[in-house]
Each structure stands twice: as structure tokens, then as C-alpha cells.
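Undergrad: Feature list, courtesy of TrEMBL:
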COMPBIAS  1-11  compositional bias 'Basic and acidic residues'
REGION    1-21  region 'Disordered'
DOMAIN    43-323  domain 'ABC transmembrane type-1'
TRANSMEM  79-100  transmembrane segment
TRANSMEM  181-200  transmembrane segment
TRANSMEM  257-286  transmembrane segment
TRANSMEM  306-326  transmembrane segment
DOMAIN    353-577  domain 'ABC transporter'
TRANSMEM  598-616  transmembrane segment
TRANSMEM  661-682  transmembrane segment
DOMAIN    668-952  domain 'ABC transmembrane type-1'
TRANSMEM  712-734  transmembrane segment
TRANSMEM  791-824  transmembrane segment
TRANSMEM  895-916  transmembrane segment
DOMAIN    988-1222  domain 'ABC transporter'
Amino acid sequence: MEERGKKADEKKKKKKKEKDNDYPNSWLITTIYKTFRGILLESAFFKLLQDLLAFASPQLLKLMISFTQDKSRYTWEGYLYAVLLLVVAVLQSLFLQQYFQRCFVLGMKVRTAIMASVYKKALVVSNEARKESTVGETVNLMSADAQRFNDVTNFIHLLWSCPLQITLSIVFLWLELGPSVLAGLAVMVLMVPINGFLATKARNIQIENMKFKDKRLKIMNEILNGIKILKLYAWEPSFQTQVEDIRGQELKVMRKFAYLTSVSTFIFSCAPALVSLATFAVFVGVSSDNVLTAEKAFTSISLFNILRFPLAMLPMLIAAMVQTTVSRKRLEKFLGGEDLDSDIVRHDPNTAVSISDGSFAWEKEADPLLKNVSLDIKPGRLVAVVGAVGSGKSSLMSALLGEMHSTKGFINIQGSLAFVPQQAWIQNATVRDNILFGSPHKERRFQEVIQACALAPDLKLLPGGDLTEIGEKGINLSGGQKQRVSLARAAYSQADIYLLDDPLSAVDSHVGKHLFEKVIGPNGILKNKTRILVTHGVSFLPYVDEIVVLVDGVVSEVGSYSSLRASKGAFSEFLDTYAKEQSNQADLQTMFYFPPPISFHPVFVYFVYSVLFSSVRLRKNSSIKKSEDADESKQGQKLIEKETMETGQVKFSVYLQYLRAMGWGYTVMVFVVYFIQNIAFIGQNLWLSDWTNDAVDYYNMTYPNWKRDTRVGVFGALGVAQGLFVFLGTLLMANASVNASRILHSRLLDNILRVPMVFFDTTPIGRVVNRFAKDIFTVDEAIPQSFRSWLLCLLGVLGTLFVICLATPFFTIIIIPLALVYYFVQRFYVATSRQLRRLDSVSRSPIYSHFSETVSGLSVIRAYGHQDRFLKHNEITIDGNLKSVYPWIVSNRWLAIRLEFLGNLVVFFAALFAVISRDSLDSGLVGLSISYALNVTQTLNWLVRMTSELETNIVAVERVSEYSELENEAKWVTETRPTEKWPEEGRLQFDNYKVRYRPGLELVLHGVTCNISSTEKIGIVGRTGAGKSSLTNCLFRIIEAAEGRILIDDIDISTIGLHDLRNRLTIIPQDPVLFSGSLRMNLDPFDRFSDEDIWRVLELSHLKDYVAGLQEGLQHEVAEGGENLSVGQRQLLCLARALLRKSRILILDEATAAVDLETDDLIQNTIRKEFSHCTVLTIAHRLHSIMDSSRVMVLDAGKIVEFDSPSNLLEKQGHFYAMAKDAGITREDVTAL
């Protein structure tokens, strides 16, 4: 593709420019111009020809009219003019389409070039430049800003063409009517500031509207992200009212905007009438010699029609240019930003990794984070880096990767790198592609890596094995699985040096042990490579060759485990702090000196979570993948169904649905009003043609004044009437469409909140949000607009044909064949165009998702040195998108040529029949019919455009209604309501309970039967996927029974309404989910409790001091997802929620490693004290917390295998005993408890 070459040139030019100037500006436009000069000049030439030809038609029209008036002229002259009209029109169409083709292709090329440059830049951008913009903003450069350039380049030539057209029209008009033109012109010029004023007003309203939109979408996003919590707590109504309130305000603003638009439409539609009124009135009023002849009137009307377009376009173009300058600045800033310094890291062949007296900072000016670091690591060693949270371990890794600024010293690295980041970065591809990461596939090595990384059992669970597709950001893998895939990627890459940033924190302790043994440790598959391991796991330290201890960015000691242990420095302090679990120090030491094949019980190694840092580094442990996902995937390859792309024609019922939402009364009125407006328009022109006949009647006589005044008066009145009707129609339309928006949105929202959980597990959130964002936006703004334009166009075309038939009745014969041709062309085009638009938007999203994936995984891509592979991939995705953009451009040209040709035929036949029947026609009607015909080409073209746009947009209604008709879960409240106090005792009975996640999947629970009496404390344990979480989901009826039942206090829970059930149970969920809003709203969204109650529970959950210390107290704003609270605090807030509800049954889905020991203790104690009178079910991941429960239920593969008190179970030496032994719990521990 020639574009490639051009892009390359352009990049070179950009690079050259960047060197001249430290933050170069205003080079982008000139670069683009230099690159695409050829096309620009060609298209300018075509545009010029077309502009000049546009003025030939009115002159021919003038000749034609004088020909019909003068009966003595030869007939061939008439035919000549008719043919000339046709030729001029055809040439004009051809030139115009050539110009458009070039301009649109140019726009496409500019967009592509910008996208490619942004991507290329993103791969080399330095860290401080990266900090300046978020991932979203960078993706925006690629989507929005590139698109803006595309749009502006499409119409760039209008900058000179509009003024040219305006000047020429005025010159010709002056020749026709003399100075009285100035009156009409003055009216036009006056319109400009009025329109400008309205436009700024409209923009302010739009900005206000965006605010509400953002607010609504933020809440929607949170609702969908926390939908499970909302369902468990039965909080949907509260959030529904929140969204509805915002939506109400949004619609108010929208109505305001619609009224404003209708005013500007009124002005715009009155303009042509007013202009011609002013001109003609002045013309006849100036002196009685001036008589309005048909030639003068219709020639000037067609000239005024030419003038309308440039006058309307100029302000729009200027506004677009202003927006583009903003984009230009942003692009220049990004493309001209700092690049990563490539010479920080050297490659001398003496040691594997060495840093000599280096200090490193994240930004040039900032204080160094790592100070005077000197390291020397021999090839093949395993080095552990330890230190407290925030001591600079991850920064050391980044420095070795060359991502940080070195203020002094240098780094030397010998050989290739592999990097495992702290938060695994997973691509949206198959598991195999994620592990191979561009290396060739060798089956033996692949299997070896998979075994070593403990991925084999996980791959068995996934439907397609290693070919299962992973969702974006690794959505269908648990945290532990992601981390292991990331480690496997490194292990497979066969690099020389491995940088492992805490890969063991996200996995369970036994898995961690396995990974260390098989991959990282002295006997792992990497044993001969150089490995640098950041770790919190104290238990691994005895097996490493060397330990580097970091304290506040300084290397405080380096040495082997035993030497550091002996030296009693920072390291032994570190050990003392983190290795205190129930066992005392002495035990620990003996445990550490076990002989190497690692066979000790891994001490409960807790990662350090000082409360301060826990919000910064949330390392979520979850190999405890919710069993649902494991289950989900068994059915069918893909967890996530592909989004349906509608094909074929939009069903008529969808249009009816929209009209119904608008209200039939409104719809009918709108039609009627617009129809009357059209009649007024035709009436006005007929009056004009009658007026011009006066010139013949009063030939050589003085023109009576009364006659003149009535002529002008009626002409003006009809013009104003026209405007008023348009105004009225637009107002009605505005009200109707706001109505429709309201109804469609509330139906959608109402339904989405009532859809069963299964739907959210199988549908990516983005897809649902998209319905609320893009589709509702289309329903709000685009559909009313295109519906109105379509109606006006349709009536306009019909009116034109009517007038031509009136003037030359012969014309009716031609209408039928023309209409048929038109119909076929239009059907053919609309179908193609619609599908191409759909393909375009479908193929566009991979570009952006690949880009945002790249930006978030930059350090990994750079570490492995895979920039080129990603560039290539980006080019392929962009090309894929262009494959649907280019045909779309061409299809538009195809349509335009055919339609304009039809329009030109209409002109030709109107002229031809006028010539044939010139004896029976008066010149006024000829002028009228031809000037109308000249206008019809544009209108025909627009009609098809509008039809296709309306069809494309109406799809939004289809998509919204698709989600408004999803089947719901059970009723929120049913006839059978339990008593106020139920459940009083809190007895639970499971009766042969079986459940599956979706019809057609395997059972998750195979007939669970058990009795739990009042106030019992039950621990539920079992390996991942045994069905622990499913049990709680069943209690809340998140999933419904396949057979069997659950009784709570002898009431079958499947008989009562969901809200009645969920309001009476309490759960403390695994992940603390908070919503943005006040703290108070997070605890009590329905305002059911008094402030005293809330302070009381805050005290019990140890948050009182924290909240009292906040400025706003209970009104403290919680950020989205609770970002401004630490994880521990979020967990405590969930506890406070539970305390507020005071129900008799509490389900505790134990938080995993997200909580530090202190918080964990607080929570456990509060629960023991405050919920002593309740039935408590604890789903445990750490056996310690349930050793004191009255009974323990051990689940395995969906059945209860053991159910007894902990001490009995340990004596039985069954499943539970094995698990306890793994966790290092012995009988003594239990008796001690």
C-alpha cells in the first residue's frame, strides 16, 4: 500500500522536526500537508471546476425562460438549452464526486497516519511523558483526535471555496437586480450573528448535558460492576431512583436544547423566503420602472439557492477548525514528548547484572527513589530482594528494565530479559498465545512449562484447554491463574535473566511452594539462569543464593541467608516482624533449616500489609476462583458470547416501537404540521410565478401600486407562515422525542436491574454500559435529528415533483420509471452502506482495545523487546478497519453519481417538456418548474442519505429494546410475604438440594442435605471449585434450585419474593464493594436508620475514630469503587453494613489476602461478640479462622463429605485432617484454642 511509504516519510519528517525544538509545536499541519500535497492539489482543481459550473445553470435557465416567452424563436434553440442543461449538470456531478472521493480518501489516510504515529510513539514514550496522560486520554488521541482530523480534511477546501461561491453569486445577482441585492444580502448577513449566538447557547447546554450524562454513566458503571452486591443486599430500588433522578435532569436539559434547535430551525427555514422577499420588495419598490420578470425572478432564486450552502457551511467549518486546533495541540504534545532513554542500560559481557553506584528517579527533576545502589550479580544466581512495603523493590525492577531516569551511575545487563510484573498483564488472546508471546510453539517445552507453573489442572477446567480465549485484562482467569500464566510466559521465553516482581503473592501458599520448587528455586526449570526475585515469602529465603535487603531505596545489606541472619541487621528485624505466627521464634528457626527438598509446612506466610499501603498495592489472592467461572466455561468454547451484529433490514416493527414511544398523537400532529408547511412553500412559489406574469400583462403600462403591495404582502405572509409551521413541527417533535427517550431508558433500566445474575456472568459489562451510553445517546440525539431531516426531505421531493407535474403535465409519464430506478438504487445502497457501517464500528474497537492493552503492558513489551511485533499487529488491525472504511467511501460515491444522474434527468425532462409544450405554457411556470428541478438533485441525494442514516440509527432502538425484553429473575415481592420478624430463630434446612449455573451445564451441588440449628457457627471448607460460593448463591437465590429446596425457619425460600428473602439475610462478601456517594449512603441507601444507629455500628466496626476525623463525617464522599479508602477500611465498612441489618442469619464469605492481620482480628472478634445470637456460616480459605466453630462442613465436588466438629474431624483423619496438615495445624493447636 502506498500509504505505508507515506507514513514512513511522515514519521521521518516528524522525527527531524522534533530535534529542532524541545517541545515542538505547530509542525503537525505542515507535515501532513507535505505528505499529502498531491491529493490536496488534485482535489482543489476539481472543486474549482465544479464551483464555476454551478453558475452556468442559472444562466441557462435565464436563456430558457426568455426562449419560452419569445414565441418567434426556433425550436432547436430550446432543445439545445435542454441538452446543455443536462451536460452542465452531468459534468458538475462528475467533478464533484471526483473531488469528494479524493477528499474522503485523504481524510482516511490522515487518520491512519496519525493513528500509526501515536501507536509507534506510545511504544517508546518515557515514563514522565506517560504520567501526564492516562491510558484513556492516550486512547482518545487515537480515536477522537484522529477522527477530528479526518472530518476536517474531508471539507478543508471549503475554506476557499465558500468565499469564492459567495462572491460569484453576488456578482451575478447584481447583474440581474442591481443594488437591491444588497437588501437580501443584508438579511443573510444578519442571520450569521443570530445563528452564532444560538450556537454558543446550544454549546453551553450541550456541556451541561454531558455533565449529567457522565454522572449517569458513572453510576450505571458502578451498578453493573457491583450488581452482585446490589442483588445480595436487595438495594436495586435505591440505585434505580438515583439513576432516574439524574436522567430526569438530563431530559430537562435535552428539552431545553430541543427548543433552542427549533428556534434556529425556524430562522434557517425562514431565511430563503425572507431573503427573496427583501430583495424583490426593494427591487419593485425602488422605482416603478423595475418590473419583476420571470427571468429575473427565477434566475435570482436559483442564485440565492447556491448562496445558501456556503453561508450555512462557513460557521460550521470555523467551529470544526477550532476543535481541531485543540486536537492538534494535544497530538503535538504527545508526539513531541520525551522518548525513553535507550542508553541507560549497557550490555558489556562481564557480569550478568551489575549496577555501579546508581541513583534512579521516576522523573528527571524528582528526588531519586533508589540512592547509590551498587549490585553485582553473577550469572546463574538466584537473588531475592526483600524489604518493607514501599522500600523500592518494584522500582529496582523498573530501573533494571531501563524504565527509570538514572541521575548517576549506570546499569549493565548481559543477555536477554524476561519480566514478570507484580500485577500480571494478560492479553486478550488464547492462553497459548499469552504464554508463547510470539515465540515459536514447541510442544515438549510448552508442556514442561505448563506442568512447572501448575497450570495443567486449570487448563483441564477451561473449555478449550490452552486454546481458550481469555477476555480483556484476563477477565475470566482468577488472580492466581493470571500470575501463573505471566510466569509461564517468562519461563517459556528462554531468556538469560529473569526479573520476577513478587509473582508468588497472588497464589495460595501450596501453589507458591510448588512454583518455587519447580520454576524459580534451585531445582526448578530456570535453575541455570540468573533470577532476581522480589518476594514477601519468608519461607523461600533459605534457598536463595543471595539476599538484597532494601530500606527506603538504599541497599542496606547483601549476603546469604545465614550470614544476614547472624549479622542481626535490618534483615533479622524484617524476619521477626513478618514471621510471627502462632509458633514461636525457636520453632521457626528449626523449620527454616530443613534439608532442601522443601518439605516443611509452609509457615503461614502473611504478606505485609501495613494499613497505609494496602490501598496502594492491592494484591488479591484468588486462586480461589469463584467456582462459577470454572463451571461457566465447561459449556461451549467461549465464556462470552460474541455480540450479535444485526444483519439485513431493520424490521418495520422497530420504527413502530419508536413511534409508539413518541406517542401516536404527537406523531400524527408532526406529520400534519410539516405537510401544511410544504403546501405553504409551494403556494409561495406559485404566487411568485403568477406575479412574474404581471410583467407580460402590464407590458408597457404603469404598474399599479395596490397590485404591487398585495403581491409583496401575500408573498411575505406565505413565507412567514412556512417558518411558523416548521417551528411548530419542530417543537412537537422535540416533546415527542424527549418522551420517547424517557420511556425507552426507563424500560431498559427497569429491566436490567431485574435480570438474573447469570446474564452478568456471561455478558461483558462494557456491552451493557454501551446500551446505556452509545445507544441511549443515539436515541436521545441522533434519531430525532435524522427523523426530522428525513421527513423534510421526503416532503420536499414530493413537492418538487408535484410542481413540475403541475407545470408540465407530460412529466407524470416519466415519474414512474424514474421512481423505480431510484427505489432500486436506494435499496441496494442502503443495505450495503448499513452493513459497512456496522463492520466499520465492529472492526474499530479492536484497534482501541489493542492499543489500551499495549499501553497498560508497556513495561512487559519493552522488557521482552517485542515492540516490532506489536507495531505489526497494530498495522494489521488498522488495515482491517480500513477494509470496511474504504468501500464505504466508494459506495457513497457510487450512490451519489447514480442519484445525481437521476436528478439531472429530471432537470432535462422538465426542460424538454417545457420546450415541447411551450405554446401552452406561461413563462412563469417554466421558470418555476426548472428552478425546482435544479434543486431536486441535492434533495434526492439527501433523502437517501437520511433514509440510510435513520436505518443505521434506529438500530439503537432495536438494541435497547433487546435488553428491555431479557427474561427476569423471580418477582421482587410476591403475594406470600413472610412475617415481619422472620427468620426469628435462624434454622436452615437443605433438603436434597441440587443446583446448576445455567440450564445445560453440569450440577454444581449434587443433592446437599443438612440441618443447621439456631445460633450455630458453621465453617464451610473445601478446595477451589468444590461449591462453597455456590452454597451462598443458593441461599440468596442468585441461582435457582434444579431440584430440592431450602427451608429457613420452615418457610421454603423459593415461595417468597426475592427482596423479602434478601433483606432478611446478611452477607459480608469476599470483595468489599463500595459505591461512589456518601459514606452514609454506602451503609444505608434507603435512609431507614437514624444517625445514632450508624455511629453505633461504626464504633463496633472500629471505624468511628476514622470517620469522626473526616471533615464531612458521614457525608464523606467515597470515590468510585472506594478508591480513597484502604482495603482494610472497605472490609470494615462491609462489616458495619452487616451490623446495621441485624438479621438472624449471617453469611461470611471470608476475605482473602486483601486484609492485613490486624483488620482480620478486629473483624473476627466483632463477629464473635455481636453475632453470638445468630446463625453464622463462614466460607473459609484459611483454616485458622474456623477452628473454633461448632461444626465444619467439608465440601468436595458439590457434595458434603464430612460434617462434624473440628476436633472430631481431625481425629477421623479424613479430608479435613489432610487440609489442616497442609496448613500446618495440628491437634495441639486446636486444644490450645
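Keep in mind that glycine also has a Cβ here, set from the backbone N, Cα and C atoms.
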Undergrad: What same-chain residues lie close to the transmembrane segment (306-326): Cβ under 8 Å, and 6 or more beyond its ends?
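TA: Sequence-remote neighbours of the transmembrane segment (306-326) are 54-55, 58, 148-149, 151-152, 155, 158-159, 161-163, 165-166, 169-170, 188, 191-192, 195-196, 199, 268, 271-272.
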Undergrad: Summarise the model confidence on the domain 'ABC transporter' (353-577) as a single mean pLDDT, whole number.
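TA: Residues in the domain 'ABC transporter' (353-577) carry a mean pLDDT of 86 in this prediction.
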Undergrad: Give residue numbers and ranges for long-range contacts of the transmembrane segment (181-200): same chain, 6 or more residues beyond its ends, CB-CB under 8 A.
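TA: For the transmembrane segment (181-200), the nonlocal Cβ contacts are 170, 173-174, 260, 263-264, 267-268, 271, 274-276, 278-279, 281-282, 300, 304, 307, 311, 315, 319.
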Undergrad: Take the transmembrane segment (661-682) and find every residue of the same chain, 6 or more past its ends, with a Cβ under 8 Å from one of its Cβ atoms.
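TA: 718, 721-722, 725-726, 728-729, 732-733, 735-737, 739-740, 743-744, 791-792, 795-796, 798-799, 802-803.
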Undergrad: Which of 79-100, 257-286, 791-824, 895-916 shares the most C-beta pairs under 8 angstroms with the transmembrane segment (712-734)?
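TA: Most contacts with the transmembrane segment (712-734): 257-286.
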Undergrad: Below 8 angstroms Cβ to Cβ, which residues of this chain, lying six or more residues outside the transmembrane segment (791-824), approach it?
TA: 670-671, 674-675, 677-678, 681-682, 685-686, 899, 902, 905-906, 909-910, 913-914, 916-917, 921, 925-926, 928-929, 932-933, 935-936, 939-940, 942-943, 946
